[in-house]
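As written in Swiss-Prot, here are the features:
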BINDING   ARG21, GLN22, ALA23, GLY24, ARG25, PHE40, ASP71, TYR146, SER201, HIS316  substrate binding site
SITE      ASP71  site 'Transition state stabilizer'
Amino acid sequence: MTLISSPIKRLDNKPPIWLMRQAGRYLSEYMAVRKEVKNFLEFCYDVDKATEVTLQPIKRFGFDAAIIFSDILVLPHALGWEVDFKENIGPLLKQFKSKEDFKYLQDNSNDKLEKVYEIVKKVRKELPKSTSLIGFAGSPWTVMTYMLEGKGKQDFRVSKKFIYENKDLAKELLNFITEKTIHHLINQIKSGANIIKIFDSWAGILPEEEFKKFVIEPTKKIIKSIKGYFPDIPIITFPKGAGLLYEKFLEEVPTDIIAIDPLIPLEKMKLWSNKVTVQGNLDPVILLTNKKIIKEKIHKILSIMENKNFIFNLGHGILPETPPENVEFLVKCIREYEYK
């Protein structure tokens, strides 16, 4: 195995650490800022407040990377689509159903994303130079599912029925979102992000044929476009829940880093790390348990991934009820772990 130059730098031989949703509700300092803003989208566009909460986990835990505080649904919102977040419910969107809806999307974009790029610039200015800054977007497929369902966390029968019955319109919508995603990610890089992540939260709901069309192909297009402008920018992909199709994804998508969910065996991570940097994959629920369990699980991952191309992370976002002291303990376990 050839060790790949780590996209997130450290001066020692310990794996870099950052956590998905590391700026979030488990932190009291985050909640204090959140209470000052009326709604979640307003929070995402508030340059000072979004910068502050992006930096909070860096100041508290010393993570090796910051990820911009934002949301994957700022993209459809910036296309003029109706998006709202309801407390204890989650995202609610106007449901995409027709060619008329597609025409509306094409004609009603706004400049809301400029605030996101201002946030990236401000964070980069205030972040330690040694700390990486991750910009991100949702994958075209995952963003599509929210628009087709009108909300999150469904069984996705509406989305799947739509792409089976409306192949041409589904392809048009996918391509449109793909192009807008490319522009959004490139603008984040221009603003100071030095790593990009593509979150495909609902990749795992598709059969193989549709997985190739709606997950693999648009992701390849995004990466090719970004690399055309910024060949040295590392790109993290996350086809969450893809199971056996992770391997097909890795065969076809020229990703720099593959984020792994908790259901993928560690031995698979170890094998894949011979060709690509892997990131993951501690079950977020582990951080709700005790220090003995946390330490055992972390040490198991570290022992298997020793001397591999590896970034430590969770297999999904940190849970709101996570005790911050358990996150502190996680960082301590990784930093103090002695490799054999």
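Backbone N, Cα and C atoms are what each Cβ position is placed from, and that goes for glycine too.
Positions of Swiss-Prot features highlighted on the structure.
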| residue | record | Cβ neighbours (10 Å) |
| --- | --- | --- |
| ARG21 | substrate binding site | 18 |
| ALA23 | substrate binding site | 24 |
| ARG25 | substrate binding site | 14 |
| ASP71 | substrate binding site | 18 |
| SER201 | substrate binding site | 23 |
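Spanning the residues ARG21, GLN22, ALA23, GLY24, ARG25, PHE40, ASP71, TYR146, SER201, HIS316 that the record associates with binding substrate, the maximal Cα-Cα distance equals 23 Å.
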